[in-house]
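These notes concern the structure reproduced below.
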Amino acid sequence: MAEFNNVHSVTEMPEGDGSKRSFHHGMFLEPQEKKRSMKALMVKQAKKTCSCTPAKVKDCVFSFFPVLQWLPKYKLREYLLGDIMSGVIVGVLLVPQSIAYSLLAGQEPVYGLYTSFFASIIYFIFGTSRHISVGIFGVICLMVGQVVDREIQRAGYDLEPAVLGALPDTAAQVNTTISPVNQTAQKLFCDKSCYAITVGATMTFIAGVYQVAMGFFQVGFVSVYLSDSLLSGFVTGASFTILTSQAKYLLGLDIPRSSGIGSLIATWINIFRNIHKTNICDLITSFLCFLVLIPTKELNEHFKNKLKAPIPVELVVIVAATLASHFGKLRESYGSSVAGHIPTGFLPPRPPDWNLIPHVALDAIPIAIIGFAITVSLSEMFAKKHGYSVKANQEMYAIGFCNIIPSFFHCFVTSAALAKTLVKESTGCRTQVSGMVTSLVILLVLLVIAPLFYSLQKCVLAVITIVNLRGALRKFKDLPKMWHLSRVDTVIWLVTMAASAFISTEIGLLVGVCFSMLCVIFRTQRPEAPLLGWVAESETYESLSAYKNLQTKPGVVVFRFEAPLYYINKECFKSTLYKQTGVNPVWVKAAKKKAAKRMLREKEVDSGGNQSSISMDFVPEPLGFHTIVIDCCAIQFLDTAGIRTLKEVCKDYGEIDVQVLLAQCNPSVRSSLIRGEFFKEGEDHLLFHSVHQAVDFALGAQGHRGTSASK
């Protein structure tokens, strides 16, 4: 049997004396038929999923491998030149950054090149964005490096550096699945560098599995909890940690890398304790590199619209520094720390160490979330800018496979990177072919050029890493504008930034998410709740505190609550309503009862002639209104506590002869009220489609009661 929602409307009819009389009649809305039961929906979805037709198989394959869709349509003459140009430029920029960020991830330089190479190829196959550059990202490298350092210390590799240094270089290529508990046996098979990439590759595999699972179960909604202000604050806070971790290379200090809570402060304490051991050669080299890199980067940014391609200053600095270090014999003469041997070719594939998974599984969760959140947000941003669409779930598959597959080839976690994506876009990129060109540039370095970087000082790589943090650190300049736009977002940014920098990156991300959710809760816990006034010659009601020249109808108070009504803010709803109307019905009832008791006592004491005067003393003051209209347009939903609160408000005000009417309830709220048995027999007139109708009904009903009383 169909269920009808009874709401009221108002019709005005002229009378003989020229005035108008309002007639109130019900409008019956018949709800749509309810959707099928959950069981039926699940059965239907299962049949749809399990069915297999040639067309469906084709769609599934083309959807999973987007390259099969766009590559046959590739316009060679129109796209090829731009793709080659952008691919070569990004590759030239990516080579020094891959080597530099390897230090940040606690890995040897060659592993950074492997990571960038494989990520570009795999995203070419699985990705749907034409413009984003997938590869090494500083914040992700920092998080990987912290876990790698922790596991290396836990395995005992830092306890006997002399012994480890005596191991042959070929030990790094030997696989082991021996548990880190058996440290002695493990050292015989795998040195510190080998174990570091084993930890990194294992965590990369787990992070990729998480990302593919998120795509399969379509839980990309997790990224909505990472707001723009939260991500920006997190990246800026992590940038301070990155800068701190690279400071020791600028000074040529050999100090252990701090990890865990408060690592930033601990690192600076260690630096100042060992400042007297500064390597002057590394310090001077760092200073000269800063003098070259920062101005040239600024020129690139200032003239980016005029330059066809950015000046590859990082590559120039690396080449010049390598030549100076080699011919100046800086390592032998001054003890400068250098990159060391970078092998050509590829190491044989090796599976992750399954015994390490329990130790790194939790650490991989925030890395996976940050990786796919940045990748999806960048891909959607550039797709919108250039007028095409991307599939968020497919992007999660793509970045997941960019981690799972390379984890077997000595790589660590990747994601999209904004800086390289902007370069890629500005240099003429048209399709994912640009990524393949980038991988060919890196392949050339891996096969031929890599060993030439043997004498490259690590301080030069640290300078490159720090200079690339300028964008994140510049966010401080945007704080005044952000504060003007949204103070809440600014506070979220500051809290996330401070927690990420001074506590730890993982805890900082968790603090940022929790604080953001608390801000949402607090904003619904203490929402705006103004009284409304009538805009003359219209049917509109607006806030009396926000606008001037609004009128109020005699005897009617209009109240709007601008948040969902649920268990968190139910007391706020009642207290604000009582404060705005100036009448607390509970207190009014209590005052009446108290007055009645006093009158009864006075009667007992004096049953004589003062009775009428006593009665006059206890006549309650008039309330000033007879109807409260609650504008529910901003109440998105009700829970059981909210329904109960509305019932209590209507009951309490009804006991002091004030009726409560509800207006502009959305279908969800109306449905909740019906299910919660809010309306009793004959009380369905409490619900109206507009505030204006409710006010007219209240005035008409009061006029009708006045006429009846006079008769």
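Any Cβ shown, glycine's included, is placed from N, Cα and C.
According to TrEMBL, the features are:
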type: REGION; residues: 1-22; note: region 'Disordered'
type: TRANSMEM; residues: 79-101; note: transmembrane segment
type: TRANSMEM; residues: 121-144; note: transmembrane segment
type: TRANSMEM; residues: 194-213; note: transmembrane segment
type: TRANSMEM; residues: 219-243; note: transmembrane segment
type: TRANSMEM; residues: 275-295; note: transmembrane segment
type: TRANSMEM; residues: 356-376; note: transmembrane segment
type: TRANSMEM; residues: 397-419; note: transmembrane segment
type: TRANSMEM; residues: 439-469; note: transmembrane segment
type: TRANSMEM; residues: 490-518; note: transmembrane segment
type: DOMAIN; residues: 546-698; note: domain 'STAS'
Check for me, if you would, whether the transmembrane segment (194-213) reaches the transmembrane segment (397-419) - at least 3 Cβ pairs under 8 Å, residues 6 or more apart in sequence.
yes
Any chance the transmembrane segment (79-101) and the transmembrane segment (275-295) are in contact, meaning at least three CB pairs closer than 8 A with a sequence separation of 6+?
no
Give the mean pLDDT for the domain 'STAS' (546-698) on the 0 to 100 scale.
81
Positions whose Cβ lies under 8 angstroms from the transmembrane segment (439-469), at least six residues beyond its ends:
87-88, 91-92, 94-101, 103-104, 109-110, 113-114, 116-118, 120-121, 124, 138, 239, 242-243, 246-247, 249-250, 252, 282-283, 285-286, 289-290, 293-294, 297, 314, 317-318, 321-322, 325-326, 330-331, 336-346, 419
Tell me, please, if the transmembrane segment (490-518) and the transmembrane segment (356-376) are in contact, taking contact as 3+ Cβ pairs under 8 Å between residues separated by 6 or more positions?
yes
Stretch among 121-144, 275-295, 397-419 sharing the most Cβ pairs under 8 Å with the transmembrane segment (219-243):
121-144
Dominant neighbour of the transmembrane segment (121-144) in 275-295, 356-376, 397-419, by Cβ pairs under 8 Å:
397-419
